[in-house]
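Record features (Swiss-Prot):
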{"type": "ACT_SITE", "residues": "His117", "note": "active site, pros-phosphohistidine intermediate"}
{"type": "BINDING", "residues": "Lys11, Phe59, Arg87, Thr93, Arg104, Asn114", "note": "ATP binding site"}
Amino acid sequence: MTIQYTFSMIKPDAIKRNKIGQVNTYLENAGLKIVAQKMKFLTKYEAACFYDEHRARPFFNSLVEYITSGAVVLQVLKGEDAITLNRTVMGATNPAEAEAGTIRKDLGESIEANSIHGSDSENSAKREIAFFFNKSEIIE
């Protein structure tokens, strides 16, 4: 097993429903350590740059609108195989298809408003962490 860092974003739907603590409990109970965390409102420009890989997809504009509709909580998580572990704890993108006991099944409302985003690979994790955090903000 390898110690990894991964990126997580608690989305506006979960923030509006006061679920930050609940999401963090899922993450920590799974063995992930939150080593950086901050809340912010993303600008449309930041959101478009962050989700640039989806720019040509039909849902891109609605994704940018949604993710800028309220505050988000940005996080760096650390743990053994953190990327895979975080993906497992999050559950399937569509809450209706996610397994019971996952964040998206228990807290998600729809495919878009599914409460959480997480990196899907090492390259994505590195890019997404660097997009929002500098090294001095990450506590070991």
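Yeah, the Cβs are placed from backbone N, Cα and C, and that goes for glycine too.
Considering other CB atoms within 10 Å as the measure, the emptiest surroundings among the recorded positions Arg104, His117 are those of His117. Taking every pair among Lys11, Phe59, Arg87, Thr93, Arg104, Asn114, the residues recorded as binding ATP, the greatest CA to CA distance is 21 Å. Arg104 (ATP binding site) sits 10 Å from the residue listed as 'active site, pros-phosphohistidine intermediate', counting Cα to Cα.
Between the binding-site residues Thr93, Asn114, the minimum number of other C-beta atoms within 10 Å of a residue's C-beta occurs at Thr93. Across the binding-site residues listed here (Lys11, Arg87), the residue whose Cβ sits among the most other Cβ atoms within 10 Å is Lys11. Look at Arg104 (ATP binding site): DSSP puts it in a helix. Distance from the CA of the residue listed as 'active site, pros-phosphohistidine intermediate' to the CA of Lys11 (ATP binding site) is 7 Å. DSSP assigns Lys11 (ATP binding site) to coil in the three-state reduction, placing it in neither a helix nor a strand. Cα to Cα, Phe59 (ATP binding site) and His117 (active site, pros-phosphohistidine intermediate) are separated by 15 Å.
Residue pair His117 (active site, pros-phosphohistidine intermediate) / Thr93 (ATP binding site) shows a Cα separation of 9 Å. Take the CB of Phe59 (ATP binding site) and look out to 10 A: across all protein chains shown you find 12 other CB atoms.
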